[in-house]
Amino acid sequence: MTLCKLDVCNVRNIESASITPSPRLNFIFGPNGSGKTSLLEAIHILGRARSFRSTQAGLVIRFQQDSLMVTGRVRDGEGLEPIPIGLRLSRRKREIALAGTRLQTSAELIRAFPVLLIQPSSSTLLDGLPKARRQFLDWGAFHLDGGFLDNWRGYTRALSQRNALLRSGTNRGIEIWNHELARYGTIVNCARVTYVERLRPYFHAAASHFLGSVPFDLVTMAGWEAGKPLGEVFRTEIAQDLRDGYTHSGPHKGDFQVQAEGRPAKNYLSRGQMKLLVFALLLAQSHLLEESLGAKGCVLIDDLASELDSDNRGRLLGFLNQRQAQFFITATDPRLLEQAGLAELAVFQVENGRVTSV
Ligand SMILES: Nc1ncnc2c1ncn2[C@@H]1O[C@H](COP(=O)(O)OP(=O)(O)OP(=O)(O)O)[C@@H](O)[C@H]1O
Ligand SMILES: [Mg+2]
């Protein structure tokens, strides 16, 4: 799916903006504080039903306003009818519409318009808390495996029930939750492992493009002792779980690591190299999605130039230019465009929250 029309109303300093993006490369230039990231934030809200900068809608809604609205049209391929999609957020309410129908949850919206984000702080995907890495795996598994969401929800529900029981200080009736957790948890873990298997070749290709011949690999951790059946883990760890009032092991503790020759890459890469590795991971994710769903995705890249030297910026732009996905790229310096012979591009200028096509 690519975005072929975007209308933004009351997102941060953008009172109103309307653009017709290119299905391929879109560059958004403007000085600091002009509203570039806010424009990406609006597209992210359209594809994920939430901002990437704040969990509080109130902070994203333009000052003095009650709600924000982002609407657009997404297209599955050349010649196909675009589908209207839209979202209105107020401080307490979220309304989502897809193809003229109101949606109760964001799952269908997320499926209809897959959006990925790469921003300067994305390096935390490698060296930050595991939660972001689990979200990375789960977003990928969600898009490729139609049953993933139900199993993930089943696991999360059972986990909160089991934890509530543990907090109440009893293990009476806990076998039911052990059983549920083990059943859903095993499936969730398998889906993550399968996802990484499928991602690996795309990741290798992107990583070697950006970082040369270093043999990087992706290693998954299940979140419990390797090789043990999950049900057995819950039974053997019950004393510890009861003492602390929560479930210590399971896919909610799952993780993955990028390694080079058996060592965690985050321990010795430079900031710029980390950034390139994060590009490799996220662009691999978008490439796999594209090939397996037969549809293009949308990738938002905020502040592309930060922490990359001129050679690497050129290498990155060359890579994006060969891909079929739609990209929205922000930068302060329009000279970025001189670096690669880019095709099919649209350029937008942002000034004081006003967006114009150049
Ligand atoms: N809720 C809000 N209502 C109105 N304006 C806001 C709100 N939240 C933030 N702003 C302002 O929006 C402006 C645009 O911010 P944004 O982060 O989009 O800029 P940017 O172009 O990405 O800048 P930079 O190049 O520094 O990253 C800022 O001046 C900020 O103070
Ligand atoms: Mg910004």
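The backbone N, Cα and C atoms fix where each Cβ goes, glycine too.
TrEMBL has this to say about the protein:
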- Gly30, Pro31, Asn32, Gly33, Ser34, Gly35, Lys36, Thr37: ATP binding site (BINDING)
- 22-356: domain 'AAA+ ATPase' (DOMAIN)
(message) Sequence gap of 6 or more, Cβ distance under 8 Å: name the residues on the same chain that satisfy this around Thr37 (ATP binding site), in order along the sequence.
(response) Arg53, Gln119, Asp302, Asp303, Thr330
(message) On the 0 to 100 pLDDT scale, where does the domain 'AAA+ ATPase' (22-356) sit on average?
(response) 94
(message) What's the number of neighbouring CB atoms sitting within 10 A of the CB on Gly33 (ATP binding site)?
(response) 12
(message) Given the binding-site residues Asn32, Gly35, Lys36, Thr37, return the subset with CB under 6 A from an atom of ligand 2, ordered by sequence, or none if empty.
(response) Lys36, Thr37
(request) Note the Cβ centroid of Gly30, Pro31, Asn32, Gly33, Ser34, Gly35, Lys36, Thr37, the recorded ATP site, then list each other residue of that chain whose Cβ lies within 8 Å of it, in sequence. (result) Ser38, Thr330, Thr332, Val350
(message) A 10 Å Cβ contact count, applied to the binding-site residues Gly30, Pro31, Gly35: which residue has the minimum?
(response) Pro31
(message) At a 10 Å cut-off from the C-beta of Lys36 (ATP binding site), count the other C-beta atoms across all protein chains.
(response) 24
(message) Return the residues near Asn32 (ATP binding site) by Cβ distance under 8 Å, restricted to its own chain and a separation of at least 6 in sequence.
(response) Thr332
(message) Restricting to the chain of Ser34 (ATP binding site) and a gap of 6 or more, list residues whose Cβ falls under 8 Å of its Cβ, or answer none.
(response) Val350, Glu351, Asn352, Gly353
